[in-house]
Amino acid sequence: MSLLTEVETPTRTGWECKCSDSSDPLVVAASIIGILHLILWILDRLFFKCIYRRLKYGLKRGPSTGGVPESMREEYRQEQQSAVDVDDGHFVNIELE
């Protein structure tokens, strides 16, 4: 039994590939899609931390302050700051024996 496939055949000069319809538009489109898929996969593996961190945290920008008077914004900032200030002295130290 021969190990040769239908595509590769030995010739006097070496191995040749007999691709009958390599200029077929479907074959060309499939090749382009395959190459693009490979490039995108490589970029995804190289930069997956940056990409997914940007998708996870970059789109969340907090509540919109459009149309809110400046006095209410300042009051909100002061409430947030006072909530942070209150929690400063409430740390618990746990010592393991």
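Backbone N, Cα and C define each Cβ position, glycine as well.
Database features, via Swiss-Prot:
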- CYS50: S-palmitoyl cysteine (LIPID)
- SER64: phosphoserine (MOD_RES)
- SER82: phosphoserine (MOD_RES)
- 60-83: region 'Disordered' (REGION)
- TRP41: site 'Seems to be involved in pH gating' (SITE)
- 1-22: topological domain 'Virion surface' (TOPO_DOM)
- 44-97: topological domain 'Intravirion' (TOPO_DOM)
- 23-43: transmembrane segment (TRANSMEM)
**Asked** What Cα-Cα separation, expressed in whole Å, is found between TRP41 (site 'Seems to be involved in pH gating') and CYS50 (S-palmitoyl cysteine)?
**Response** 14
**Message:** Tell me the Cα distance separating SER82 (phosphoserine) from CYS50 (S-palmitoyl cysteine), rounded to the nearest angstrom.
**Reply:** 34
